[in-house]
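Q: Would you mind keeping the following structure in view while I ask a few things?
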Amino acid sequence: MDNKDGCCSTHLIDGDGGFNVAGVDNFMKEVKLAECGLSYAVVSIMGPQSSGKSTLLNHLFRTNFREMDAYKGRSQTTKGIWMARCVGIEPCTIVMDLEGTDGRERGEDDTAFEKQSALFALAVSDIVLINMWCHDIGREQAANKPLLKTVFQVMMRLFSPRKTTLMFVIRDKTRTPLENLEPVLREDIQKIWDSVPKPQAHKETPLSEFFNVEVVALSSYEEKEEQFNEQVANLRQRFFHSIAPGGLAGDRRGVVPASGFSFSAQQIWKVIKENKDLDLPAHKVMVATVRCEEIANEKYASFTTNEEWCQLEEAVHSHSVRGFGRKLSSILDTCLSEYDAEATFFEEGVRSSKRKQLEEKLLQLVQPAYQSMLGHIRSDTFERFKEAFDKALKGGKGFALAARECTESFISRFDEECTDAIIDQAKWDSSRVRDKLRRDVDAHIAEVCTAKLSEVTSLYETKLNEALAGPVEALLDGASDDTWPAIRKLLQRETDTAVSGFAAALSGFEMDEESRDNMVFRLKDYARGVVEAKTKEEAGRVLIRMKDRFSTLFSHDQDSMPRIWTGKEDIRAITKTARSASLKLLSVMAAVRLDDEGDNIDKTLSLALVDGRAGASSARSITSVDPLASSTWNEVPPSKTLITPVQCKSLWRQFQTETEYVVSQAIAAQEASKRNNNWLPPPWAIAAMVILGFNEFMTLLRNPLYLGVIFVAYLLFKALWVQLDISGEFRNGVLPGVLSLSTKLLPTVMNLLKKLAEEGQGVASGEPQRNPAVASKSFRGSSSTNDSGDVSTSAPSEVTSENGTEYSSSSLHDKMQ
């Protein structure tokens with residue numbers, strides 16, 4: 001059974017007339033013929049040997065019958081009858097390739113099988129193609145006239161009419177028009193029919209009752225191949241729906257159901273075989289049979305113990321042997337020559353028959369060694385191919401070019417080595433081993449191709465991952481209205497760059513356009529997958545991102561400097577801005593927007609969580625509709641949704657809870673700053689003091705001594721203020737501040753007076769004056785010159801605290817500020 005490219009074929013009847021029951025049964029199961037009912041057709045072809053029957057069938061029905069190799073000479077190719085299913089033709093059509101007639105292999109006198117096979121074809125076929133050369137028209141033997149005459153006569157005696165279509169296929173049509181050739185053929189067929197003795201029941205039956213006659217002509221296959229293929233294609237169309245009314249087999253009768261085809265064909269062949277006249281063997285033939293068989297058995301036993309053959313067999317099982325075919329052919333030839341010498345006087349037919357049997361047994365014995373030899377050649381060639389192919393790829397040669405050159409080179413080497421292993425007595429074909437080598441080579445190429453393509457794909461996927469993951473994360477971190485347009489632009493740019501390089505890398509593989517497009521599409525899809533995966537990853541950390549963004553915007557000003565809550569900042573506006581930016585981050589990460597399709601997620605979140613929050617409660621009380629009480633977004637498919645509305649609402653609630661503490665701390669800091677810096681009386685009080693204290697102010701101006709006393713008192717008060725840290729004491733409340741100051745006031749005043757007394761004694765005792773550098777660090781008299789040149793001298797500007805710390809007038813002034 002051979003099943004290749006959708007064409008299933010089997011050997012129906014071998015050259016010795018044996019019907020292949022098991023093969024036909026397997027064939028019917030393979031093509032499911034039993035399911036066809038009456039909807040099937042049988043086509044057969046007959047004609048002279050080497051007339052191109054198998055070639056015509058292979059082109060016409062896309063079968064895989066073995067064709068003659070013209071370079072090896074014209075010889076018998078088809079033995080017996082082969083059967084195959086036509087490819088691509090409805091209804092199911094079975095075609096039979098008959099052994100050629102008039103062949104030298106069977107000889108001039110052995111025409112029984114030719115008649116039997118032709119009769120069998122006419123009996124089971126709906127359409128019979130009679131293949132004949134154009135130049136044979138009008139001839140007697142070449143045109144199959146005697147054969148047709150015998151077949152017509154026997155068929156009428158054995159079978160009832162079933163309306164078979166005879167299609168004469170004229171090959172290598174010459175310049176003679178078909179219109180002139182067809183009448184000659186039809187006239188010859190009619191003459192044959194008229195000359196055939198008919199039984200009484202069919203004395204007056206016309207030819208048209210048994211046969212439909214069709215004539216077609218084809219150009220030469222070798223010289224006009226294009227015209228031949230075109231004509232065969234047109235002829236092929238006629239076999240479509242051939243059993244329909246008006247078709248080639250539309251008038252057929254007595255059709256056997258498809259399920260009974262095997263049994264019917266077997267019985268027909270049995271009837272045909274039983275009608276062959278057979279003579280019993282004569283006594284001399286019987287003696288020749290026994291004796292020749294004894295000689296053959298002796299020679300076979302002698303061959304099996306031949307030392308040279310045993311050594312060759314042992315060697316070939318372990319490694320390849322040079323000159324294997326020549327050596328084994330010589331051993332076989334010696335054995336057969338010895339048989340011929342001993343059996344030369346016996347009846348020629350028996351002698352030849354037994355010699356053939358001996359030859360077949362010997363060839364069957366040596367065939368495993370031959371197969372082992374082919375196996376070694378195949379494995380060695382395959383290993384050398386892999387090394388050469390790998391070297392060519394490392395050398396930078398394109399993958400497809402390297403594969404093609406290495407394949408052609410090593411398949412050619414295999415053929416050369418197989419020629420050295422050919423056995424002269426056998427007609428064995430190494431095509432199966434060659435095909436296996438070709439399959440191994442193709443499988444290795446496919447494996448390497450897959451690995452290389454995977455390597456290239458991984459390389460560009462890595463590049464895309466590096467080019468997209470980081471930038472996408474950065475863009476999502478700085479979420480804004482332009483985030484997704486920027487991501488789409490980034491994706492398009494990086495994808496185009498990767499696809500350009502990827503396509504260039506694939507050019508060396510010479511892939512078909514569809515496969516290349518599929519790989520490019522997968523790379524683009526991978527790029528989108530990277531972006532979607534990174535977005536999904538960032539969406540899982542959206543709450544952390546929102547809090548980081550809020551903290552950054554809330555705690556830093558526009559110059560990215562930390563905020564100092566002095567009491568002038570609008571915390572409400574800052575909070576709203578920071579939360580709006582965080583909400584923008586949530587809306588950006590809520591869905592994947594790589595297809596540039598609009599949505600209302602940002603607007604919905606803003607209205608539901610920020611802008612419309614004040615009026616949302618009243619609106620919900622009326623409508624009882626919450627825009628975030630849903631598991632899907634409008635206009636956004638679930639596959640693109642990363643954070644559902646319900647999840648957004650939950651995240652926002654958690655976000656507000658975790659950021660309220662920061663806001664409350666800022667408000668507290670601002671209130672504390674206001675309390676610390678707001679020591680001046682209200683403006684109206686200052687105005688009242690100016691108006692009511694005008695007289696006292698004028699008095700001070702008239703008597704500068706008062707100003708000196710007041711200045712000294714100010715310095716002492718300022719020193720006490722700093723020393724006692726009055727502002728710090730009152731931070732915790734008025735009562736705790738008063739109690740604390742009451743315990744510190746007297747010791748601090750005594751300490752200041754003591755210091756002043758010590759300084760006064762030092763001056764009275766004539767203490768030398770300090771140098772300016774030291775004086776600048778102790779008591780310093782500050783003087784200043786005004787624009788008119790007057791010099792004013794201030795009082796001593798330094799006092800010492802209880803713990804020894806010195807305060808200058810300037811430092812006191814700073815503290816007051």
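Glycine is no exception: its Cβ is also placed from the backbone N, Cα and C atoms.
Straight from TrEMBL, here's the annotation block:
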BINDING   Gly47, Pro48, Gln49, Ser50, Ser51, Gly52, Lys53, Ser54  GTP binding site
DOMAIN    37-252  domain 'GB1/RHD3-type G'
TOPO_DOM  1-680  topological domain 'Cytoplasmic'
TOPO_DOM  726-817  topological domain 'Cytoplasmic'
TRANSMEM  705-722  transmembrane segment
Q: List nothing but the one residue from Gly47, Pro48, Gly52 whose Cβ has the fewest other Cβ atoms within 10 Å; the candidates are the binding-site residues.
A: Pro48
Q: Measure from the Cβ of Lys53 (GTP binding site) and count the other Cβ atoms within 10 Å, all protein chains considered.
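A: The answer is 28.
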Q: Could you tell me the mean pLDDT over the domain 'GB1/RHD3-type G' (37-252), as a whole number?
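A: Value for the domain 'GB1/RHD3-type G' (37-252), mean pLDDT as a whole number: 80.
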Q: I'd like the number of other C-beta atoms within 10 A of the C-beta of Ser51 (GTP binding site), please.
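A: Around Ser51 (GTP binding site), other Cβ atoms within 10 Å: 23.
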